[in-house]
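Enquirer: I'd like to ask you about the structure that follows.
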């Protein structure tokens, strides 16, 4: 898209390059024109956003802002991406313009970029392929063990329940593994990561890779930012989340649910219901509505395999019962692990803070142990994962002391807590925000 005629604060360099101010960039953040800044270069993404491989929303969430750090964080082949970005370049910031917007911590950002460069030199962004191969093998072995349990011991109650538990472990662990491939953290090329991502999320779990990309990269780009992070879309129709948004909702006299009781009904509509009663059906709507036929093919191979292996043993209704129990158990596992790092943290509108402050305000860690690492797919290192989303999970513990030291030097809170305390904090935070809503609803 061609740059508009001379605007206020814009000059032309001798070589014809356009110069812009932060104010001009900030005005291009709506549904019409969308600009962003990467390494002081100004790019017009108005048309490109629809073709962005990570989805139109994830890049549009940075429209009108500096996107240097998310650009560095999300892409593993930056030279190739810069090549495709060149047609979008329309100019750069004027020399008198600062490199950082006033809402961002310049000193913290400078030091984090130095840390990122050191992390790359230390090889912490390179993966150990053997680690992921063994991880995949343990999932496949558990999958076979679940079927053998019914094949050898019969279909009475105890083997049936043991099979359900084993399959639930398979589904949860495959969920953590597809997350690795989706973040391009296993192989050095996007192609190989995408291929294995389709296999794990599609064939081993029956879900679409495109849906995961659409949802999850938005979450990483702007975690806990209302209307930008889909993980908090349950606000306000089901839950009142965060201190700021809950008070706003109360002042607006909105009451979609009895939020002061949300810490109680969370146990009914949260962990047990998300996967079997929402995700299970929505993913089919997603792939058909968006015509993601490759994803649909991979998903159908998952259901065909399950039917061929379990219907002969259990019959159709027995298989459907087994499948529902597996999704129910997996849902509880998934919700508690994924929400323990985010729901108790700060939830607000997008304040355009720097990368480190944005991620640390919205994420916390859970203490390391062999069980916690395995149970959460190393997402107990949520802070490190959000700061370095392409880092292989087996390196989180190596970079964690460096990140903690960085936070200490700049007065940024680095939270780490025991697993059960993290679970309890989900309920505590829901109770607190529900009470804040009620107080604002009644008295403000």
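The backbone N, Cα and C atoms fix where each Cβ goes, glycine too.
On a predicted model such as this, the values are computed, not experimentally measured, just so you know.
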Enquirer: If TrEMBL is the reference, give me the range from 156-177, 178-199, 200-221 marked as transmembrane segment.
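Expert: So the range that TrEMBL calls transmembrane segment is 156-177.
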Enquirer: For the domain 'Cytochrome b5 heme-binding' (17-94), how many residues does DSSP put in helix, in strand and in coil?
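Expert: Its residues fall into 33 helix, 19 strand, 26 coil.
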Enquirer: Could you give the residue numbers and ranges of same-chain residues that sit at least 6 residues beyond the transmembrane segment (308-329) on either side and whose C-beta is under 8 angstroms from one of its C-beta atoms?
Expert: 147, 150-151, 155, 160-161, 163-165, 167-168, 171, 272, 275-276, 280
Enquirer: Is the number of Cβ-Cβ pairs under 8 Å between the transmembrane segment (156-177) and the transmembrane segment (265-288) three or more, considering only pairs separated by 6 or more positions?
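Expert: Output no: the transmembrane segment (156-177) is apart from the transmembrane segment (265-288).
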Enquirer: Mean pLDDT over the domain 'Cytochrome b5 heme-binding' (17-94): what is the value?
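Expert: Within the domain 'Cytochrome b5 heme-binding' (17-94), the model's average pLDDT equals 93.
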